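One structure is given here, and the rest of the page talks about it.
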């Protein structure tokens, strides 16, 4: 599975880059341009590759449509304006909610750290801290909860909106798939801007690919003449990119809701539950793989055909999985493992220090846990034993048939969970021995009833890829509509305020006359040269949205004209919303930085 997570996305990224280059070369040859197809420039750590060969692509695609269909397409993008305004409102409220939730988690983490320090300071004095942490079960000690549930199992979870950071909130093996999903979504985003501009007879200036370290970003640039468009056209241009991302998310959701993915899966509930994925920060991540079949938890079978006294609605294997992991029962207490009595009695006894709650009762015995005898004269006797290979075999009914043997099982305080697996085409059986709170297994291991058909690893990678596509598509839709500097949301907000104050739309100017000039010294009748564009004078709308002129950073004449028209309450409204958004995003980022710092310590 590891090789699939790396090889497939890398092949697709190279194939996608080759396709873009092939299209740009074809369009360059068709336009008889003599300029280089791709050029490169470097600014600090950012490397940019740009081309003007793709400028005509949106217009060529629209020319394939008839006029009536093109007009209907414009109506669709007008509907995207309404969805963009709604998305802007949702993004603003969501930023406040995400900031609130992450700082609530920061405060809870500070309380746990403070309580742990008090416990550590008083352990040697015999003082037992009885206060419980928020959300900790009553039978769970605060210190053991912090060690089991803190930096190892759940340290990257804070509720609400979570960043995708390889090595912190997602495994490094997912990075190629994440990059591929990001590239696809950015292409869809920028294509939306280009097509919307072409509907208003505006041609793009160039298409750029920027490499920030190893993460790519994309940008489509437009001439400054788009400032002459009416506010409605500007809003359509601003929302077209996020609108394409929203359509992408909706399309994937529609496929999922329609059950298309069920064609690639089959039911295995009669055998047990199938591991779908394991949280990458869980100790079980390296022991359970996607597609593994879990048949038993301790002595409890997870098959859906097991005869039980419960009703059929309550005896499904998925319910039995969650019910057992949330219950206090430990399998069948009448079962155990038979061991030679003399060998058992010769083993060291566990410690009984009431304050030795962190290292366990057999802390002086490496890799050993406490077992107890279940019957006979030795009933209740506790000894420290290595769980391997005792727990690697199936349990038996107590008592043992011969008096020379003693039936033993781990103490309940050791919190041992035996996970029986059936893996691979050879159906190899093995046992995973887990120690710790069972609710962590329920939280970190996602199981289901269905397994992949055919090439299982390929199907599971495709499912992971579409999950990232869907997540990034919705994230780009909402983030780009935040009224931050250089985002679509800022242009949408300004154009919306301009639309309220403007009665007649500005005249639209065809940009073909400015983008295609005759060759130097050429007279009438001679062919046109390729695009001759002064890029440093262009208005640019990048993958994050809007150009400098709309956020008060540019000194161009058009930017000054826009600021002069923005007076009174409109200017204060824009500045207030932008400052609120920047503060929320800054606080959210600072909150996650605090969580990373606290949980890593």
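Cβ atoms are placed via backbone N, Cα and C, with glycine included.
It is 246-266, from the ranges 204-224, 225-245, 246-266, that TrEMBL records as transmembrane segment.
Contact between the transmembrane segment (579-598) and the transmembrane segment (75-98) holds: at least three of their C-beta pairs are under 8 Å, each pair 6 or more apart in sequence. Predicted-model confidence for the domain 'Peptidase M50' (178-507) is 83, expressed as mean pLDDT.
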